[in-house]
Structures are given as C-alpha cells and as structure tokens.
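Visitor: Among the features that TrEMBL reports, domain 'ABC transmembrane type-2' is placed at 33-252. Per TrEMBL, transmembrane segment is recorded for 32-52, 64-85, 105-131, 143-169, 175-193, 205-224, 230-252.
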Amino acid sequence: MFITDIKNIWIFRDMIFELTHRELRGKYKGSVLGFLWTYINPLMQILVYAFVFSQIFRSGIEKFHLYLIVSMFPFNFFTGGVLQGLGSVRYQGDLVKKVYFPRQILPIVSLTVNFVNLLISFGIIYSILLISGWGINLRIQLWLIPVLLTEYVFALGLAFLLAAVEVYFRDIEHIVSVLMMVWMYVTPMFYSIEIIPEKFLKFFYCNPMLYIISMFQQILYYKVAPDLRYMGRAVCFAIAFLIVGSIVFKVLEKRFAEEL
C-alpha cells in the first residue's frame with residue numbers, strides 16, 4: 001500500500017508543482033510588500049523574544065538573537081506547515097469531491113509552500129550571521145540537507161495524520177494551534193538544553209523537535225557538525241510519524257467526500 005501511494009503521488013508530481021506554484025504566487029497577491037511578509041512577521045517575533053529573554057529574563061546565551069534566529073525559522077516552518085496541512089483537505093473540499101487525485105497531495109502542497117519559504121529564509125539567516133560577525137562554518141553546511149529533509153518528513157507525517165482526522169473532527173485545528181504554542185516552549189529555543197534539570201530530561205527527549213532544532217543550532221550557531229545520536233533519533237521519529245500518518249490518512253480518506 002505504501003509503495004503504491006508513493007507511485008501515485010509521483011505520477012501526479014506536476015499537479016504538486018502547479019498547486020505549490022499557485023499557492024506561492026497567490027498567498028500575498030495584492031499586498032504591497034508581497035512575500036516579504038513571510039519574513040517580516042517572524043523577524044518581528046524574534047526581536048520581541050530576543051528582547052524579553054536577553055534583557056528581562058536573561059537567558060545567559062551569548063548573542064541570544066542569533067541563537068533564536070537559527071531556531072525560530074525552522075520551527076516556524078514546522079508549525080506553519082503542519083497547521084496549513086491540517087486544514088488542506090477540508091479547504092479543498094470541492095476539488096476532493098469532483099476530481100480524482102491522490103488526496104495526500106493536498107498536505108504535501110501546504111507543507112512544500114512553507115518549506116520553500118524556509119529555504120529562502122536561509123538567505124536572511126546567513127546574512128545576519130555574517131553581518132553580526134558570528135560567521136558560518138562552510139565545511140559543515142551540507143549537514144543541513146539531511147536535517148531539513150528529516151524535519152520535512154516528520155512534519156509531513158504529522159500533517160497527514162491531522163489532515164485526515166480534521167475532516168471528521170473540526171475542533172482539532174484549534175486544539176493543535178494551542179498545542180503548537182506549548183510545543184514551542186518545550187523545545188530549547190529560548191534556553192539551552194544544558195539548563196534543563198536532569199529529572200525532566202527524559203520527558204524533553206520524547207520531543208522530536210528537540211533533536212531537529214538542536215541540530216540547526218549545532219550547525220548554524222555552534223558551528224559544529226550535528227550530533228549523530230540526535231540525527232538517528234530524529235530520523236526514527238520522522239519515519240515512524242510518516243508511516244503512522246500515511247496509514248491513518250489512507251484509512252480515513254475513504255469517507256472524505258461524504259464528510260466534506
């Protein structure tokens with residue numbers, strides 16, 4: 001079943017490209033600043049958090065704004081992609097009822113739009129790191145490729161799962177929005193993982209995003225190769241969520257047209 005789904009999605013790859021392109025072009029159509037709002041919003045968010053946690057709560061992290069920048073952009077991709085993917089099937093209800101295509105395409109498109117924005121945002125990240133004098137370690141930048149792919153796969157599995165459930169249970173969108181805010185604070189972005197009390201570490205290590213965000217921090221902020229143990233755990237989480245999400249989506253999609 002899993003291999004067949006991949007083949008079907010590959011057959012409709014042109015549809016994925018066209019829908020992604022249309023979504024990217026139409027997102028800020030008519031706006032004066034256009035796609036720049038994609039980056040203005042998180043940058044303003046980062047400025048506020050940087051002030052609060054460096055000047056008021058004193059995180060103790062050197063150049064905290066840089067630590068935050070390399071963490072927030074990848075995490076915003078995750079939250080934005082999952083939340084948009086979550087509602088993708090219902091929002092395209094008319095298309096689902098009238099046209100045959102693999103329904104998994106809809107969460108894929110929503111996630112890919114956010115992924116493209118994340119890739120573009122690396123221009124901002126690198127520019128800030130260089131202008132600030134922090135610099136980058138060119139020798140380890142290729143490690144970003146498996147980290148980015150791992151985050152994409154993990155987010156896709158979660159988007160499949162939630163998009164299928166949301167068709168039947170509409171309140172899940174509001175529940176997940178709240179949970180994402182909680183998820184942000186239990187992922188080490190406003191503090192270093194070293195300050196977490198040992199008795200709580202086992203709970204934090206159940207968070208897949210801890211490994212993913214930590215690897216972005218290691219590559220971009222600490223300028224070292226990512227911890228391979230973190231990579232292994234993140235990949236395991238990503239594959240597990242993709243398999244579970246795909247199975248749940250496949251089972252529940254049989255009645256999508258009726259529910260929509």
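In case you wondered, yes, glycine gets a Cβ from its N, Cα and C as well.
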Visitor: Mind checking which residues reach the transmembrane segment (143-169)? Cβ under 8 Å, same chain, six or more beyond either end.
Guide: 74, 77-78, 81-82, 85-90, 104, 106-108, 110-111, 115, 118-119, 122, 176, 208, 212, 215-216, 219, 225-226, 231, 234-235, 237-246, 248-249, 251-253, 256, 259-260
Visitor: With the transmembrane segment (175-193) as the reference, which stretch in 64-85, 105-131, 230-252 has the largest tally of C-beta pairs below 8 Å?
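Guide: Out of the listed stretches, 64-85 contacts the transmembrane segment (175-193) most.
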